[in-house]
Amino acid sequence: MTDTHTTSASSHGQGPFIAAIDQGTTSSRCIVFDRDGRIVSVDQKEHEQIFPKPGWVEHDATEIWENVKEVVAGAISKAGITAIDVKAIGITNQRETTLLWDRKTGEPVHNAIVWQDTRTDALCRELGRNVGQDRFRRETGLPLASYFAGPKIRWLLDNVEGLRERAEAGDILFGTMDSWVIWNLTGGVNGGVHVTDVTNASRTLLMNLHTLDWDEKILTSIDIPAALLPRIRSSAEVYGHTAEGILAGVPVASALGDQQAALFGQTCYAEGEAKSTYGTGTFLLMNTGEKPVNSYNGLLTTVGYRIGDEKPVYALEGSIAVTGSLVQWMRDQMGLINSAAEIETLASSVEDNGGAYFVPAFSGLFAPYWRDDARGVIAGLTRYVTKAHIARAVLEATAWQTREIVDAMTKDSGVELTALKVDGGMTSNNLLMQTLSDALDAPVVRPMVAETTCLGAAYAAGLAVGFWPDTDALRANWRRAAEWTPRMDADVRDREYKSWLKAVQRTMGWIEDEE
Ligand SMILES: Nc1ncnc2c1ncn2[C@@H]1O[C@H](COP(=O)(O)OP(=O)(O)O)[C@@H](O)[C@H]1O
Ligand SMILES: O=P(O)(O)OC[C@H](O)CO
């Protein structure tokens, strides 16, 4: 278990406090915040990544729930507080990761299928032929891709013996990790509430973006029974109360997908404000106001957040599947570095990439291409290239992928980014942040509290229970911690970007229909 940024509650007065749970792709964490949005305590625990076949990624949801309980107890005890000091709990989570469980026993029927998993490639192609790509984009704001939850549910119904009959009888519940955590927190088999929030529901391919309810026609065409589905609620309201444990009786008062939570934590409350989060993957979201904006350049239209009965706020999103996980791959699968931080030292030992470009299309390519048939390549290899050049190419891959998203965002929204707000684990890498600023030709800024995902969930929960009065009070908490400005010559930037785009083309069409 890791324990970072931990301070005692006494240095932040006597509270009260808000706790946030972030159920992420690699770990679960709980952070306690004070009224100024400062971190009081943190506890975090990683869970196993299960890779049963190439392209398949699963999590054990029971292990995740045990870890969630442990980190909540850890963060509360490190803060030296009790349930009385905690006014609400907020939930944020890895999105799209899909779980079905038995309503009566609380047992998962299968491991959770993780957002990165590509097992539904062929199913998506079949649905595209039978139902049509445009239909999904129009109603849900999303392209038909293995990334989203709907096809994963259908795969489980088709592949776990007897499951469809149990689902049709109403014995099975579906949830993304928000629903699983909330259901368990609020009592599980003893009356747990089965809900999701509108941001998480907007990632299923099953929610109509205009009505903000499940779309019956789409459910019929993917062949998913409505009896499985949770009720869709706003992102900030009291769903129920914690049934037992260290926080028994505390209201569970927010849920947002982690990227939307980061948008909220970065206080992007005005149209045109954007943030980019650098974790396992990278996700750039721009607030587009009260109406969904269609994308014609490969971005997703999604719900940004909805506070109680207020109008929903929409966002355009550019999703990149592999950024921090490429650094993990260099460490765990290749053994070229011993820690994620070491990639900066290795990459800094050379001036440039030595002509190498690494396109990590491990789960196909997400935005702006949405190509399930792509797979990773390292292009431009010669005998000159060393592991240090590859390390540099790994960092540049994150920067150029972001540049492609920013270009698409400008085309779709008409908004030129004057600066990019960043957060997430990779932003501790200075070389990467400088490379990003160079690739974008724009300043990159990081706030004082880099844990914006948990902060956003805490903010939404705090608004729901009146701990903070309004979003203006939250804006006042945002403080700049670091800024990087562009240093690269324009002609070098143009040449490098062109080479990157050429390398991207080399990834496509690797997987053929019959595979
Ligand atoms: N100094 C660093 N340089 C590059 N990548 C890093 C560095 N530190 C952490 N990472 C990457 O950041 C990711 C962890 O960030 P985090 O925001 O905790 O991710 P998540 O919320 O997706 O689990 C890991 O994939 C790790 O490889
Ligand atoms: O858990 P993270 O931070 O890797 O985020 C995953 C995203 O929500 C996937 O859409």
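The backbone N, Cα and C atoms fix where each Cβ goes, and this holds for glycine too.
The ADP binding site feature in TrEMBL is assigned to Thr25, Arg29, Thr280, Gly324, Gly425, Asn429. Applying an 8 A CB threshold to same-chain residues 6+ apart, the list for Gly324 (ADP binding site) reads Tyr278, Gly279, Thr280, Gly281, Thr282, Ala340, Gly424, Gly425, Met426.
Other Cβ atoms within 10 Å of the Cβ of Thr25 (ADP binding site), summed over all protein chains shown, number 22. Residues or ranges marked as sn-glycerol 3-phosphate binding site by TrEMBL: Thr25, Arg95, Glu96, Tyr147, Asp258.
For the recorded site, Gly324 (ADP binding site), the DSSP three-state label reads helix. Taken from TrEMBL, the feature ATP binding site applies to Thr25, Thr26, Ser27, Thr280, Gly324, Gln328, Gly425.
Summarising the annotation, TrEMBL assigns glycerol binding site to Arg95, Glu96, Tyr147, Asp258, Gln259. Under the DSSP three-state reduction, Gln259 (glycerol binding site) is assigned to helix.
As annotated by TrEMBL, domain 'Carbohydrate kinase FGGY N-terminal' applies to 18-265.
Taken from TrEMBL, the feature domain 'Carbohydrate kinase FGGY C-terminal' covers 275-464.
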### Query
Near the Cβ of Glu96 (sn-glycerol 3-phosphate binding site), how many other Cβ atoms are there if near means within 10 Å?
25
### Task
Report, in whole Å, the straight Cα-to-Cα distance of Glu96 (sn-glycerol 3-phosphate binding site) from Asn429 (ADP binding site).
28
#### Entry: Least surrounded among the binding-site residues, given as Thr26, Ser27, Gln259, Thr280, when other CB atoms within 10 Å are counted
Thr26
### Cα distance (Å, whole number) from Arg29 (ADP binding site) to Glu96 (sn-glycerol 3-phosphate binding site)
18
### Task
Might you list, by sequence position, any residue in that chain lying six or more from Gln328 (ATP binding site) with a Cβ less than 8 Å away from its Cβ?
Thr26, Thr280, Ala340
### Query
Can you tell which of the binding-site residues Arg95, Tyr147, Asp258, Gln259 lies nearest to Arg29 (ADP binding site) in space, using Cα positions?
Asp258
### Task
Let me know the DSSP-derived helix, strand or coil state of Gly425 (ADP binding site), please.
helix
### Query
ligand 1: which of the binding-site residues Arg29, Tyr147, Asp258 have a Cβ closer than 6 angstroms to it?
none
